[in-house]
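Here the structure is laid out as structure tokens; the discussion comes afterwards.
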Amino acid sequence: MDPSAREPLVRKTSSSYQTFPESTVRRLDKEYLRSLHNKRLYLAVFAAVLGNFSFGFALVYPSPVIPALEAHPNPALRLDQHTAPWFGSVFTLGAAAGGLSTMMLNDCLGRKLSIMFSALPSAVGYALMASAQGVWMLLLGRVLTGYAGGVTSASIPVYISEISHPGVRGMLGACPQIMAVLGSLVLYALGKYPGLVLDWRWLAVAGEVPVLAMVILLCFMPNSPRFLLSQGKEEEALGSLCWLRGKDTDYAREYEQIKDSVRKQSRRVSCAEIKDPFLYKPILIAGLMRFLQQLSGVTCILVYLQSIFNKTSVILKPEYDAALVGLVRLFSVVIAAVSMDKAGRKILLFVSAGVMLASNLTMGIYIHFMPAPHNSTIANQTLVSSASLPAEPTNYITLIPLLATMFFIMGYALGWGPITWLLMSEILPLKARGVASGLCVIVSWLTAFTLTQFFLPVVNAFGLEVPFLFFAVISAGNILFTGCCVPETKGRSLEQIEAFFRTGRRSFMR
């Protein structure tokens, strides 16, 4: 074949990886960025992240409900010191099971249908808790809502990353975290104890509302173009991308890039292919990020937040401190969403881990050197019983635990919270994205369950400062891991990211 005839073909098939002349890039970008004004993309993302709102609502459901059920007059529903911890932690086991099943659901049903499927166990779980006649119904309801949360955790980030424009993928990728935080705040607002705005049964009924809204809206949303192409549905994939980008945009060029990427990949991942660095490297990075994210202590701190504040004798009431920390978390996630596509993923991960390191170290040192009247019972009593401790005289040094916790949550929400989810969906190869995302969710929630189960025994045996110093060490490890292993994906298409892992050439990321 004549080289001059071959050249146009080469430029066409590799257009997503070649460097265009600067004038051409400006023209293409100006034309292509029109798609950012297409409101349908944002509507599709909103419909999906309603599942995260429900997840955040269900995760903290025990916070106001446990005190109410501990004083319940019916012995069949009354929680004791053995059943109350399980009511709080069994959610994570359900989430791990949800992540396991999503390894098949994502590739069999698709991303959108997997999200819609999660509504079934979620609705049944809320119904069980709303009509509970015994503790077993409460626990089963928690398992089912946790299962739904595991499915959405593995499906929603992948769906969003695959339908998003590269210019706003970072901002939209932070939306699941924002909605999860909003769901938690709404639960706190409706279920503050004492003086519940809604009875604990009606709180469960309220949890059905976002689930129903999510299913109705997703019925009108398209499936992921990449998933449709992987199923051989080319016309439907083109229509989906046209709907997401708008008819007056250059969506056909993006469609060809996606089609070219999907064509190079087989439908199934064989055992032999797992040895390929193109597959195992991004899966290993995503899995370790989820593992380190949970080891940094965020789940333990959020679950035992009010009890930790009771133990450290802060000035404000613990429930007000918890609400204040929740608002800081929401504010920080919004900042991360706005800055992610400007500052980049890696710089936010560095800042996030650095802030968490300083905060956990401060908390651990403060608890260790706190005067004996404040700290004498830490090694001898559980956090659950700390609410009965006598009040200490007002001392402004007790602002340190509140400030340290606020900065920890701020640091987590700036980077290692939302970006871990986003990078998981960005770097995983298409051929293994469904299975690998489920695996990452399993790693995350099993780690969370293990930490929440061992947190109280460690505090009782060694003191409250030990977990915080451990979390500080993990945060330092997060900094090293980010510098050595995490690629910068800001402004890169999913095809460019895949090409980087396939070849190891950083030029594809430019």
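Every residue number used here counts from 1 along the chain in the order it is shown.
Every residue gets a Cβ built from N, Cα and C, even glycine.
When pLDDT is averaged over the domain 'Major facilitator superfamily (MFS) profile' (44-490), the result is 80. For 44-490, the entry in TrEMBL reads domain 'Major facilitator superfamily (MFS) profile'.
Listed as Cβ neighbours of the transmembrane segment (41-63) (distance under 8 Å, sequence separation of 6 or more from its ends, same chain) are residues 35, 84, 87-88, 91, 112, 115, 118-119, 122, 125-126, 129, 142, 145-146, 148-149, 152-153, 155-156, 159-160, 163-165, 172, 175-184, 186-188, 191, 203-204, 206-207, 210-211, 213-214, 217-218, 220-222, 244-245, 302, 306. Per TrEMBL, transmembrane segment is recorded for 41-63 (among others).
Here TrEMBL flags 83-101 (among others) as transmembrane segment. Remote same-chain partners of the transmembrane segment (83-101), defined as residues 6 or more beyond its termini with a Cβ less than 8 Å from a stretch Cβ, comprise 58-59, 62, 65-66, 69-70, 118, 121, 135, 138-139, 142-154, 299, 303, 384, 438-442, 444-446, 448-449, 452-453, 456.
If one looks beyond the transmembrane segment (113-129) by at least 6 residues along the same chain, the residues whose Cβ comes under 8 Å of a Cβ in the stretch are 48, 51, 54, 58, 61, 98, 102, 105-106, 137-138, 140-149, 151-152, 154-156, 159, 200-201, 204-205, 207-208, 211-212, 214-215, 218-219, 223. For 113-129 (among others), the entry in TrEMBL reads transmembrane segment.
The annotation transmembrane segment is assigned in TrEMBL to 172-190 (among others).
Taken from TrEMBL, the feature transmembrane segment covers 202-221 (among others).
Per TrEMBL, the feature transmembrane segment maps to 291-310 (among others).
If you look up TrEMBL, you'll see 347-369 (among others) marked as transmembrane segment. Residues 296-297, 312, 336, 339-340, 375, 378, 400-401, 404-405, 407-408, 410-412, 414-417, 419, 463-466, 468-469, 471-472, 475-476, 478-479, 482-483, 486 of the same chain lie 6 or more positions beyond the ends of the transmembrane segment (347-369) yet place their CB under 8 Å from a CB of it.
Under the heading transmembrane segment, TrEMBL lists 396-423 (among others).
Among the features that TrEMBL reports, transmembrane segment is placed at 435-456 (among others).
Sequence annotations record features per position, and here TrEMBL assigns transmembrane segment to 468-486 (among others).
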